[in-house]
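A.B. asks: One structure, pasted below without further comment.
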Amino acid sequence: MKEYYQIPVDETIKQFETDQKTGLAQQTADKRLDENGPNEIQQGQKTSPWKLLWNNINNLIVYLLLAAAVISFLMDDLAETIAILLALLLAVLTGFFTELKAQKSVESLQSMIYTTTTVIRDGKTQTIEASKVVPGDILLLREGDAIAADGRIIASNNFACIESALTGESDAVEKNADEIYEEEMPLGDQGNVVFAGTAVTRGYAYIVVTETGMETEVGKISGMLDEENNDKTPLDIELDKLSKAIIFAALIAGVAVLIAGLITDKPFVEMIHISIILAVAAIPEAMPAVETITLSKGMRTMAERKALVKTLPAVETLGATSVIASDKTGTLTENQMMASEVVLSDETHYEVTGEGYDPNGTIKKDEKEINPADNKDLMQFIQAGVLCNTAHVDQNEDGQYEVVGDPTDGALVTLGKKVGLDRQDLEEEGFEKIAEVPFSSENKYMIVVYEKEEQRELIIKGAFDVILGLADQSQKTKDDLQQQNERFAEKGQRVIAIASVEGYDGGLSEEELKESLDGLKIQGLVGIIDPPRPDAYESIETAQNAGIKVKMITGDHPKTASIIAKDIGLADYEKIMTGKEIDEQVDNDDFAQVVDETAVFARVSPENKMQIVSALKKESEVVSMTGDGVNDAPALNDANIGVAMGVRGTEVAKEASDMILTDDRFGTIVDSVEEGRIIFDNIKKYVSFLFACNMVEIIAIFASVVFLLPMPIAPLHILFLNLIIDIAPAMSLSYEPAEENVMERGPRSKKDSLVNRHFLTVL
């Protein structure tokens, strides 16, 4: 069966039994809503308190202490039974309430799908709740709208969408109804359909809804998260080993004491009682409480450093991270287009500083900051970019700067704000727009005509090659500009040319404007990029010095990905693998090894991301996957640690993650890895201390049996020592500061267990 992007509009309309002009009848829509259910993304189930409680009960040490309590009860030693059960209760409830508090600290997240949308029903345009949209509905989408469902475009005008949350690409994607594709196309290249959770950045369109709720592309990705990731954390594995070692030691000690007692003709019941004492002595009852408190302390420390960890085990797992697989857009880059360089027609070059759409920034020439107001040509160039524009850049409630409109236009608006130019202010000063030709994929340019004090100026902005062909300038000037264009392109920048006709006296209709470009002069070029985050280079360097492999995963083109990877200092940035190559090689025996040796993955799908994470885990890597888009969610769920961006992250990505970065800094992940390593070091310290204390108790009890001495200590005394006396010094060890080389050594080997030769030697 063909996909909707492969069939004509009229066939799609017919398939859904709807009408392009009048839409569905309300009665039909109600019936379809009953059949298909609401247009909502189902939220993942939170771990219930009962399951949290069971997770704290279900371990071997608890079972051993329960067995000791049962035997004590059968021997009519009520005080001893109660003491053991109280010790158990303390350990279990400490872990339970700490984890419950951690779970409740993660705020409930809003749904991705917009609250309302505009629909045509019974021939009337009306606003309805997005949850009531059904297949076959005709929706009207305008600039700034979030799209409530997947749909086939049936009519459009200068229409473009931002699909970065779904595809990972920050560029606006132009869409129209006339495109029909013969072959299968990736999401980012389907130019005649729209997707739920994305946004309209320019123009308007009418669509027929094809999928709603969990059947949308967002819903399908969310559905991939249903299977719970039950991989044990490195700490879980270590504690399992430790529990088995404790039980083995307790059984050996108990059997040895029983045999020694029988040899020395001690009563059998007395030997059973002594064996219980040994079992209680062998178990470090304080360890679960100290472990939980240590991890909770780590969770608080990470929260102070802008990392919200959702589960306690994830705190320590971060310390075992050997690979950080990071999404490019919004994680390593700003996911905000920014003008970074300007070259005027006389080849004067300027650099622009700043971050994304934030209007704070400077202009530099020859690496020295300048006052742009002193350069008339530069100010005229930037002013032209501000006037030939329809975008707006404003601060949201969280203080973040956002663009309404095309991101490239947003970059030019921000450039204007950096030099004190704003379109609204210019219009209030007398600039009046009297004609406009909107940008279109066919023309690849936008034209405006402004008038001030009876003087007119035509401004045109667009793709360099198109504007160059229209310009009326010398061949030498064109050749020089072509060289600058190639230089920008080599840096992975998008090049926008801005030209003008001063004293324009031609017609103002769209056709007349296109044909009246005599005397058009290119004022200059601007290079626009999605810039790397300010801390990305330093953070990647720190991670790589710590032996952690950093891999960049993106839906972008390989060339763009490679340039960004080089700029941020990624090791082996030239080792690139595309989604197509992954699909071709996924069944190969050496696929996991190839993935482990690759640094950059480009043009990948959500399924590819899961395949990458799975391959890395097969190579025994502990994988932390970072991301913010819907397309990252399945891999976030599959990774050992999924890390979502808290500011720009989508709700689906946050649901799938183990940790949320409240500042969106890539460096926060590296800080969290450091904290995780500190925690594991301190766990080793206090485990060694607790076992040393318990070993003394075991030796004293064993010696008393062998040398026929009175029992030096009772079970109640042991519980008091283990729970009250030992816990304070153990806690102090858990608060030890970082070792000097904590981020200079490689990730710990899976063979570096808590119970190793060094541990036994110290013991």
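Backbone N, Cα and C atoms are what each Cβ position is placed from, and that goes for glycine too.
Bear in mind that TrEMBL entries carry predicted annotations, made automatically and left uncurated.
Values in this document were obtained by computation on a predicted structure and should not be read as measured data.
These came from TrEMBL, pasted as-is:
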- 3-77: domain 'Cation-transporting P-type ATPase N-terminal' (DOMAIN)
- 52-75: transmembrane segment (TRANSMEM)
- 81-100: transmembrane segment (TRANSMEM)
- 245-264: transmembrane segment (TRANSMEM)
- 270-290: transmembrane segment (TRANSMEM)
- 686-709: transmembrane segment (TRANSMEM)
- 715-735: transmembrane segment (TRANSMEM)
A.B. asks: State the non-local partners of the transmembrane segment (245-264) in its own chain: residues 6+ outside its ends, Cβ under 8 Å from one of its Cβ atoms.
C.D. replies: 60-61, 64, 270-272, 274-275, 278-279, 282-284, 698, 701-702, 705-706, 708, 755
A.B. asks: For the domain 'Cation-transporting P-type ATPase N-terminal' (3-77), how many residues does DSSP put in helix, in strand and in coil?
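C.D. replies: When I sort the residues of the domain 'Cation-transporting P-type ATPase N-terminal' (3-77) into the three classes, I find 45 helix, 1 strand, 29 coil.
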A.B. asks: With a Cβ cut-off under 8 Å, give me the same-chain residues at least six positions beyond the ends of the transmembrane segment (715-735) that come close to it.
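C.D. replies: Counting only partners 6 or more residues beyond its ends, the transmembrane segment (715-735) has Cβ contacts under 8 Å with 72, 79-80, 83-84, 87, 90, 276-277, 280-281, 283-287, 289-290, 293-294, 297, 682-683, 685-686, 689-690, 693-694, 697.
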A.B. asks: Determine the mean pLDDT over the domain 'Cation-transporting P-type ATPase N-terminal' (3-77), rounding to the nearest whole number.
C.D. replies: 83
